[in-house]
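Features of the protein shown, as given by TrEMBL:
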| type | residues | note |
| --- | --- | --- |
| BINDING | Thr53, Asp54, Asp55, Asp262, Asp264, Thr265 | Mg(2+) binding site |
Amino acid sequence: MTADSSSDGRLERALASLRGLAVGDALGSQFFVPANYPLLKRRELPPGPWQWTDDTEMACSVVAVLAAHHRIDQDALARSFAEHHDFDRGYGPAVNRLLRLVREGGDWRELSAALFNGQGSWGNGAAMRIAPLGAWYADDPEQATHQAEISAYPTHQHREAVVGAMAVAAAAALAGAPGGPPSAEALLDGVIALVPKSAVGAGLRRARDMLDYGDPATVAAVLGCGRRTTAHDTVPFALWSAARALGDYEEAFWTTAQVGGDVDTTCAIVGGVLASGKTGSPPGAWVEQVEAFPDWAPASA
Ligand SMILES: [Mg+2]
C-alpha cells in the first residue's frame, strides 16, 4: 500500500505538515521572549496569539508552488519568496538583502551563488521551510529528496544547506508513510540512506547513535541546536528529536524547545515532520493560538 498520490491527497498532507510547522515556529519563537523563559521549564503555554516567522512564510511559498506546479519550479519559488517577503519576520540579513534584490529584478541564480564570498549560504533556511514538501511526496521519499535539493538553490547554494533540506524532506516523507510513522531507528536510517556524504550526514549518523540517550541537552551539546544557524548545526538534532517522538507532537515540541538554540526553526522542522504523519498533528488548542496564515497561502482543495 502506498500513500495517496492524488494531487488532493498530496495537498492535504502538505497542508497538515504546514500547520505543524507553523505551530512549532510560532510557539517556538515565543521562547525568545525573556518573560516566557520560566514557562518553558514548566511546559506551560504563553498567552496567544503566537506570530509565525520567516520559517512559516517561506513554507507557504513552497506549498503554493507545489499546489500550482505539482513539483518545484525554481523561478516560481524564488518569485514567491521575494514577493511575499516581510522584512519583519526574522529573516537573516543575507536573505533579507537577496530577496529585496530579487524583488527589484535581480537574478536569483547569480545573487544566491554570490552569497558569502561565492560559497553560498549554509544557513538552516532551506531546511526550515521544507517539511511540507516531504509530506507532499510521502508516497515517494526519493522524489521528496530530489525536489528538496532543487528547492534550496534560490536562497541556499552551499552543499550543507542543500543536504539539510534534503534530510528534512526525506524525514517528513518517511514520517508520512501509510500505516503510521516508522520507528525512530527506521526513520533516521531511511534519511541517512537518502542523503549524500556531508557534515549534515555525519551529524545524522551521530544522531542515530544517540537515539537512546536520555538527556536531550547532552545530545544538543554534541549535535548542535541551531545556535550557529547553520544547516549542520540544526538538522541532526531536530531530526533526532522528531524521530524520538513521532506521533506525540507535544512531547516533541517541548523536548526540542527546552534545549534552546534556534528554537523557532528547530521546532518548525520537528513540527512539520511530525504533522506529516497522521498521528503527529499539533493539539487543536495550540493551533487556535497561532496567527492566521497569510491571505495568499494555499488552502484545502
Ligand atoms: Mg524564524
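Along the chain as shown, residues are numbered 1 onward.
Placed from the backbone N, Cα and C atoms, the Cβ positions cover glycine too.
Per-site Cβ counts within 10 Å over the binding-site residues Asp55, Asp262 peak at Asp55. When the binding-site residues Thr53, Thr265 are compared by the number of other C-beta atoms lying within 10 angstroms of their own C-beta, Thr53 comes out lowest. Close to ligand 1, meaning a Cβ under 6 Å from one of its atoms, are these of the binding-site residues Thr53, Asp55, Asp262: Thr53, Asp55. Taking the centroid of the Cβ atoms of Thr53, Asp54, Asp55, Asp262, Asp264, Thr265 as the Mg(2+) site, the other same-chain residues with Cβ within 8 Å of it are Asp25, Gly28, Ser29, Gly90, Met128, Ala268. A C-beta separation below 8 Å, combined with a sequence spacing of at least six in one chain, links Asp54 (Mg(2+) binding site) to Arg89, Gly90, Tyr91, Val95, Gly125, Met128. Long-range Cβ contacts of Asp264 (Mg(2+) binding site) within its own chain (separation 6+, distance under 8 Å): Gly24, Asp25, Ala26, Gly28, Ser29, Phe32, Thr53, Asp55, Gly90.
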